[in-house]
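Visitor: These came from TrEMBL, pasted as-is:
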| type | residues | note |
| --- | --- | --- |
| ACT_SITE | 99 | active site, proton donor |
| ACT_SITE | 182 | active site, proton acceptor |
| BINDING | 164, 423, 469 | (S)-malate binding site |
| BINDING | 253, 254, 277 | divalent metal cation binding site |
| DOMAIN | 76-268 | domain 'Malic enzyme N-terminal' |
| DOMAIN | 278-538 | domain 'Malic enzyme NAD-binding' |
Ligand SMILES: O=C([O-])CC(=O)C(=O)O
Ligand SMILES: [Mg+2]
């Protein structure tokens, strides 16, 4: 419904200081008069381009990554569209500043940098503490970043309890940087409307002694309580969120492993939700693995891979489960045979049935039974025993893939697959450069946080590290689900997101041996991921959006008649539904 000029001005007056519609120095003089803000801005009227240029210069003048993070947070909270223009147009430069690795430092420092994050009236996200239990509904309604348009209710919430932030452990409410950061990637990567995102941090206390002693720590000063307390609080939060926003998609993020698995089990069949660390990371690594299998196919038949996980938390087990599906679906293996290709190592060594300790539930399924009573403790011992073709790190132990380990892998394989996936950068098990040098440039590599490219000294050839980060999956997965409107997210939808990502590589990317597409293509890639998810939702009979159902059926017919490229109509529809910083112009100088 289009608004009349007067309505627009009324809205504008109400929100003259709105961070969303703020055009600052781009506001036309006539509009400044109408809004009664003449004199409150310097006289020059600038273009959006010039504003962006100044913002970039200011950003680049900051001397530390944390200062850049603070600057960008301030920009986002005062001028949303300028911020997103910067992020979208300079994605490779800005993403590491708002997300991993810098977001890790920002979370560690959150209580110290807090006052500079949000000007009055602007909220970074919603905090729900145990003390809020009696009043959850009203508090949830307090979070309303755009009260002037009732259609702009939240569509996606990213929720953490701060108990396992990246590989940094329990950071309590300081974990707020993560939901905020992830939702910015939803906007940049898949065009979710920034006004419809809801970052939530739950405060159930923290076991982080450093935070508890820090005078500036902004959360409850108490330790985390029992599982019973945790699950009943989560029940109340999820139930109330669904009452207030029945169509809300919930992304669980950075919960401690045990809780993460339990929450997913509890809610996956009755709530519109997924877990990013288990399912999103699982999908993104599966996708990189599909391409790694392709690259090594002439030397290793897919069914002969031997995959060693160093680290056995939520992400590792999530990836292992998806690889299991891959070998069954794509290579016709039985579940039992596929499981034999996977080994898990935790802090006590190779995960075996007869190790003598009580295994956490999520590890039991993958515990080896064929170890003939032998136990293997150190990584070196395990590697000598398993002789892996692929080594996947989820240990949060920076540098643990030493030169010796990397060389061992290179002796065992022509092209060893090495994925040091722990975040942020300092926790990565090795760097790209180390892996290239130790393997004579033969490694097939992906990390969780992006490393720089590597130039082979002998040939001058530039090599590209893969970034196996779930930011290639969750934005597209979320967008697809929001458009098709299923009531739940199924494993098959997640699987389809992974294969769509794997097959989204262009010929150029394939010729460069890349495992993942270039980050600069993220919107197109997200559209392809979203489309694959939508098709799956329709095929499962779960779609509730008539337009989407009709589109998929139409594309199917075109496909059957061999008339055009697969799902092109759908991909276009998805792209048309992406928010863009330039699309709305309430403050156009014409009004
Ligand atoms: O945020 C990231 O970079 C990936 C992720 O979910 C995690 O490490 O927990
Ligand atoms: Mg995470």
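Each Cβ is built from the backbone N, Cα and C atoms, and glycine gets one as well.
Those TrEMBL annotations? Automatic predictions, nothing curated.
Bear in mind that the values here come from a model prediction, so they are computed numbers and not experimental data.
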Visitor: Please give me the binding-site residues out of 164, 254, 277, 423, 469 that lie within 10 Å of residue 182 (active site, proton acceptor), comparing Cα atoms only.
Guide: none
Visitor: Based on a Cβ-to-ligand 1 distance below 6 Å, what subset of the recorded positions 164, 182, 254, 423 would you report?
Guide: 254, 423
Visitor: Using a Cβ cut-off of under 6 Å to any atom of ligand 2, determine which of the binding-site residues 253, 254, 469 qualify.
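Guide: By the Cβ criterion, which requires under 6 Å to ligand 2, the hits are 253, 254.
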Visitor: Using Cα coordinates, what distance in whole Å links residue 277 (divalent metal cation binding site) and residue 423 ((S)-malate binding site)?
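Guide: Just about 12 Å between their Cα atoms.
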Visitor: Taking only same-chain residues 6+ apart in sequence, whose CB is under 8 Å from that of residue 253 (divalent metal cation binding site), what do you get?
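Guide: Residues satisfying the criterion: 158, 159, 160, 178, 179, 182, 275, 276, 277.
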Visitor: Run through the Cβ atoms and count how many others sit within 10 Å of the one on residue 277 (divalent metal cation binding site).
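Guide: Summing over all protein chains shown, residue 277 (divalent metal cation binding site) has 26 other Cβ atoms within 10 Å.
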Visitor: Starting from the Cβ of residue 99 (active site, proton donor), draw a 10 Å sphere and report how many other Cβ atoms land inside it.
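Guide: Taking all protein chains shown, residue 99 (active site, proton donor) has 27 Cβ neighbours within 10 Å.
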Visitor: Let me know the model's mean pLDDT on the domain 'Malic enzyme NAD-binding' (278-538).
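Guide: The average pLDDT of the model in the domain 'Malic enzyme NAD-binding' (278-538) works out to 96.
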Visitor: Taking the Cβ of residue 164 ((S)-malate binding site) as reference, which residues of that chain separated by at least 6 in sequence fall under 8 Å from it?
Guide: 170, 254, 255, 256, 257, 260, 313, 314
Visitor: Cβ within 8 angstroms of the Cβ centroid of 253, 254, 277: which residues besides those meet this for the divalent metal cation site?
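Guide: What remains near the Cβ centre is 160, 164, 165, 178, 252, 255, 260, 275, 276, 314.
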Visitor: Across all the protein chains here, work out how many other Cβ atoms are within 10 Å of the Cβ of residue 469 ((S)-malate binding site).
Guide: 26
Visitor: In angstrom units, rounded to an integer, how far apart are the Cα atoms of residue 423 ((S)-malate binding site) and the residue listed as 'active site, proton donor'?
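Guide: Rounded to a whole number, the Cα-Cα distance is 11 Å.
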Visitor: Please report how many Å separate the Cα atom of residue 469 ((S)-malate binding site) from that of residue 99 (active site, proton donor), as a whole number.
Guide: 11
Visitor: Would you mind checking how many other C-beta atoms are within 10 angstroms of the C-beta on residue 423 ((S)-malate binding site)?
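Guide: For residue 423 ((S)-malate binding site), the 10 Å Cβ neighbour count is 25.
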Visitor: Can you give the largest Cα to Cα distance in Å, as a whole number, for the residues 164, 423, 469 that bind (S)-malate in the record?
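Guide: Answer in Å: the longest Cα-Cα distance is 17.
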